[in-house]
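The domain 'DNA primase large subunit C-terminal' feature in TrEMBL is assigned to 278-448. Marked as [4Fe-4S] cluster binding site by TrEMBL: 287, 367, 384, 424. Under the heading region 'Disordered', TrEMBL lists 460-494. TrEMBL lists 483-494 with the feature compositional bias 'Low complexity'.
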C-alpha cells in the first residue's frame, strides 16, 4: 500500500472489476489492501472505524444482540459512517473498500497489547455477526467459499435422510422441521464446541450443522484467524512505526477520542458561579461531582484534580475571569494567602485558557483520557470513579447518589467487565429516569450538556455569565507534501503477516 500527502485519485473500475474486489458486504480480511491511500484519508478511515467499533461495543451492552432494536441501531450507525452492510445496495465499492482498508489500519493500532487485541477482536466479531445475520441466504455459500471455509450446504435428499437425527441432536429445533437450505456439512474438527455441548449430529467424520448454529462456528474461525494475524502484525510493527508520519497516529488511535471537543466558544455566558453547587448534584458526572465535593470540603485540589475539573468547568462555560475568582475564593477558604495564590496558581489557570506559555487553548478531558492517563494516588480525587475506585467504595458512592440496589448491581457488573463508560451511561439513565439516553457517552461535558437538555425539556442551558473553552492538543499525523512518498514497510509487513498466517493455517 502506498501513501501520499495529497488527495487520493479515485480509481475508475468497471462494474465487474469492482465486484471482483469486494464480492460481499462482509469478509474475513484475508488479503491486505493494495493501491494508493493519502495520509489524510488514512487518518479519516481509521477514526471512522474506531467510531464504528465503539458504537458496536456500546450497542452490544445497551441492547440484546440480535434484537430488532439492536439491529436497526447498528444498521443506522453503519449507514451514517458509510460502511458496507447489505448485499443488495447499489454501488457498494467505496463502502466496502473503506471497510477493508480501515480494518487493516486498526490492526496496526490494536495489536500492541493483549487488552487492545481482545477488545478489537470482540468488536470485529460482533460486527461480523450482524452482517452475517442480514446476508441473503443465496449469498451464504459463496461467502463461505471466499472465506476459505469448507462448509457445504447439503442437498435436499441428504437432508431428508438425516432430518430426524439432525433435529434430535440440535438444541435449535424444538421438534420443528428443517428449513430448506439450513444444514451444512463441515469437518468434525470445526464443530468441537457444538460437539462438547452435544448439540450437533455427527456422521463419518462430518458434523451436520443447522443454519442457526453455523454462525458460532464462523465466528470461532474468524476469531482464530484474526488473533493469529494480530500477533504477527505486532511482530512486524517496528517496521511501520519507523515512519514518522504514521507513528503518532497509530500510537494515539487506540486511546483516541473521536467526538466533539467541547471548546468553550459556544458555551460562554451559560452559567454563573452561584449555579455550580446546584449543577454539581444535578448534571455533573460522578468524576466531576467527586472533584467538586473534595474541593468544597478541603478547599484545595492537587494538580491532576485542578486540571481535570478546571477544564471541565471551562467547557461548560466558565470564563477565565470566573475561573480565577472561583479557584481563588475556594483556596483562600483553606487559609491560603491571596498573594500565594496569585503567584503560584493563577498562572496555571491562565495557561489552560491559552493566555500564557505557548498560548495553547486546551479542551476538557475525554473519558478515555481520564480512564487511561494519570492514575490517581493517595490524596488525589481526579480520575474515573468507575475505573479507579474500590468496588465497595463505589457501591457506597452510588448508594449516596440514591441509585437503587438493582441499578447498583447493574453498574458494578459493567465495571467488573471493564465497561467504565457504559457504567457511567447507565448511571446517567438512572439519575435522569430514562430507559435509553439515545447517545454513547464518551465525555464528561457530554454528560453535563445532555443532562441539561433533559432537565430543561430539550432546550439550551439557561442564563448567566460564563465564557468559552479551549482546544486540547492532540497527536497529529505529519502530512508529507511529497505526493509521491510511499510506505513500503506497511505493505511488506502486511504481506508478510498474511504469508505467515497462511502457513500456520494450512
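A Cβ is built for glycine as well, from the same backbone N, Cα and C atoms used for every other residue.
Automatic prediction, not curation, is the source of TrEMBL annotations.
Residue 367 ([4Fe-4S] cluster binding site) is surrounded by 24 other CB atoms, counting those within 10 A of its CB over all protein chains shown. In sequence order, 285, 286, 367, 384, 386, 441, 447 are the residues near residue 424 ([4Fe-4S] cluster binding site), counting only same-chain partners six or more apart with C-beta under 8 A. Confidence in the domain 'DNA primase large subunit C-terminal' (278-448), given as mean pLDDT, stands at 94. Less than 8 angstroms from the CB of residue 287 ([4Fe-4S] cluster binding site) sit 308, 370, 382, 383, 384, 385, 444, each of them six or more residues away in the same chain. Listed in chain order, the residues near the [4Fe-4S] cluster site other than 287, 367, 384, 424 are 285, 286, 370, 371, 385, 386, 387, 420, 421, 444, each with its Cβ within 8 Å of the site Cβ centroid.
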